[in-house]
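Right, one structure below, let's go through it.
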């Protein structure tokens, strides 16, 4: 008998091993139940209800969110001047008074994401069992991350933002072209780098753990259950989900507005449409929204996954074309150099509030960095929930590395290719991408650059198609997330509500474009509203960080307790086995041939002979 086995009296060793195996499984289940905590139990996610019934929605979430969206659209349409003035005043107060808050909180989110990814909790798997396999392949998973997380913004800002930073640099930037060029790229990297993806990690990881590990419905509120317990099922939970829905609808509608403005500018720039007006914008929104509805009805595994893969293929194809047809060596050198500048200055830039540059610095920062931080937070419910939905089976470390690093590097290379090509033309080429007063047309900057490359008309058409597909991907992803929130966390929400939310996003964009004197003014109002929504949700995100830490700590403590119990059982097993073996040996020595049916050794002859014969 090996020293690691326990053999109680009357049981064979095989039965003992079976018993101990069952005990270990029981202990593992008990440890897992302890991890879940009070009030946690089996999978409580709602089963998919009968399709098409109004009762499938969560009344406390769906109707308040829909009412807020409709009321805002009516207010912005009927009282557009007053609405814009009120929103701008609030925006000025929020940015002016709480810029330091956004700066600190987003930097802390970055620290949190890195700590969770590289720390001792990285091996926790986002699944009910430790052998849960990922639902999507790595390539499709990364493609959906990239398309949902950045999407149309990359196409819109890929050329425009580096040029705008170059033409109007932040206060304190050197005057030389080389300094302004590098500063423009580093500043762009800051706005599109690990900071927005860290925001998505905070929401996505908290929701993924609640949904996939603890069996909770797909909802923001359940990520806060470790802190609030059963109270999260009531009015506070409804309010959290309503905020998430409203922010998502406004965020997706803004992307749609940006997209149609860029498509319209491209059509005008190429001469394909003369003086495009609001009628064209409305037609574009309706057409793109219909495509989004078709995609969202087919679900994640088909429509969204399929479109994301096409998106990634077209985006990589366009990027490689510009890389090869443009200043290739300058782009590659700039990519390496700008990453170095980003890493060198990330700490200082992350905590820069513009205080030393006076009013000019504060104004520049509020118009760019603080705006971006609020903008990404307003998108966090949508992107975070969608990332959580597609990340079942990943470990925490895989999740953080995949979300934080891979899309960031792809984004950096995208800006290096498009922004670097534009900067090269401005510095070393014929220029012409900016205007005489150092301003840049953000709507048409991409098409101005593509027009300087071979096959400009064809490439411009591909870029417009990419814009459409990026929005469709963002819209159906956003509609799917909003639908789950409005349906009480149903992972397969009814089709009618998917159609409703996708149409609502298009309706919001149309209403605000039509209501304003220019499309840009309406989008500015919409962006401002999204930033305002980010303020209360940033507080929710702080709670998510605390809840995630509490859950991970509880799981690790349960794991360590189970390991200690297993070690104690093993030590006890060794001791019992040693005692039993000693007792057996002692019994043989004292009783001699008792196993052959003979009595105790009383001095009669033959005992020793019998033992010898037995051997």
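In case you wondered, yes, glycine gets a Cβ from its N, Cα and C as well.
Curation does not apply to TrEMBL; its annotations are automatic.
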From 19-38, 39-58, 99-118, the residue range that TrEMBL assigns the feature transmembrane segment: 99-118
Any contact, the transmembrane segment (370-387) to the transmembrane segment (280-301), with at least 3 Cβ pairs under 8 A: no
Contact between the transmembrane segment (313-336) and the transmembrane segment (399-418) (at least 3 Cβ pairs under 8 Å, separation 6+): yes
Long-range Cβ neighbours of the transmembrane segment (280-301) (under 8 Å; 6 or more residues past either end): 256, 259-261, 263-264, 267, 273, 307, 389-390, 468, 471-473, 475-476, 479-480, 483, 492, 495, 498-499, 502-503, 505-506, 509-510, 513-514, 519
Stretch among 99-118, 189-211, 529-549 sharing the most Cβ pairs under 8 Å with the transmembrane segment (138-160): 189-211
Paired segments the transmembrane segment (529-549) and the transmembrane segment (189-211) in contact, 3+ CB pairs under 8 A: yes
Contact call for the transmembrane segment (239-260) and the transmembrane segment (99-118): at least 3 Cβ pairs under 8 Å, seq gap 6+: no
